[in-house]
Amino acid sequence: MEYVTAEQLAGFGKYKYSAVDSNPLSLYVMHPFWNTIVKIFPTWLAPNLITFSGFLLLVFNFFLMAYFDPDFYASAPDHQHVPNAVWVIVGLLNFIAYTLDGVDGKQARRTNSSTPLGELFDHGLDSWACVYFVVTVYSTFGRGSTGVSVFVLYLLLWVVLFSFILSHWEKYNTGILFLPWGYDISQVTISIVYIVTAIVGVEAWYAPFLFNFLYRDLFTAMIIACALTVTLPMSLYNFYKAYKNNTLKHHSVYEIMLPLVSPVLLFLLCTTWIFMSPTDILEVHPRLFYFMVGTAFANISCQLIVCQMSSTRCQPLNWMLLPIAAVLFVVMSGFAPNSETLLLYLLTAFLTLAHIHYGVVVVGELGTWALGLAAVL
């Protein structure tokens, strides 16, 4: 099975990296730090290995927290809390993963090994990482009387997912990747929150910090405010600048909005499932449902990234929407009233294996193409 077309391979051959990072935290704090850290790595260490190592740390954090807090009740009163040592581990690994994500590109330039494959590999894993770090940080507050509901977290997850894809929607239309400010701020903040939780305990988050405003409310407000006051306005501004300068790559409203069709449909399908579920599936299996959503979203994002890097047209519908729609139909029709949990498990396993297969094949196809190109040159 081939995922990358000949037209897309030709587009990768003409690709030139173009990105803008205007975040003060990134420019004046993190980049100098990363410039120092990258010197520690030997020059034979592949940048893609650095990228993958950072991603695996986030996956490890996700499953570590799933072990200690499977249903997101561990931070609630009268429940067994996550050990403080685990919070320290999760905090350190989250920051190390963030550091590796910032260092991989510098290692590539340092070793003169920058390739379109490396960028695709990096951003493709970033798209899947969204669900891992969002769901992991949820355990600091969890659900219950002192936390936020699983549906609120579902909506916050979508705020993060749309913030991510917005930057690649920008690049699809402008040809320039404007790195979002929210990512650096969130990763540093999350790492600090984990360490503080280890020191003061989850009980510290129970008390109001201002009048009756709880820390869980601050957590929710920060994610929404960052998206509405920073990410979205800057994306629209960058798009407007490209429009005024007549540098947009697409001009009809349909073509401009095409990359957002599948994410919106994914949101509608999954949200409909939540409201129509006969077993209240999100309440019963929140972690698995989040993971299913994040995996399908990652595949949609990866296919968009391939299109924007190869300057090819984005397809309006991602095929992963079909099995999700099929499961939703079965759930709503009542054909299998006692099998909703089984269907969620099977769907999640299928989407995960399919996405991994997609990633492995795409990396192989681009690797083979790069070797062939190098041989010709």
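Even glycines carry a Cβ here, placed using N, Cα and C.
The transmembrane segment feature in TrEMBL is assigned to 49-68, 80-100, 147-167, 188-206, 218-240, 252-276, 288-307, 319-336, 342-363.
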Ask   = Any contact between the transmembrane segment (319-336) and the transmembrane segment (252-276), i.e. 3 or more CB pairs below 8 Å with pairs at least 6 residues apart?
value = yes
Under 8 Å Cβ-Cβ from the transmembrane segment (188-206), and at least six residues away from its ends along the same chain, one finds 25, 30, 74-75, 77, 81-82, 84-85, 87-88, 90-92, 94-95, 98, 133, 137, 140-141, 146, 214-216, 222
The answer for the transmembrane segment (252-276), taking Cβ pairs under 8 Å and residues 6+ beyond its ends, is 151, 154, 158, 161-162, 165, 168-169, 172-173, 282, 289, 292-293, 296-297, 300, 304, 307-308, 313-314, 316-318, 320-321, 324-325, 327-328, 331-332
Near the transmembrane segment (80-100) in space but 6 or more residues beyond its ends, with Cβ under 8 Å, are 33-34, 37, 50-51, 53-55, 57-58, 60-61, 64-65, 68-69, 74, 129, 133, 136, 139, 187-188, 190-195, 197-199, 201-202
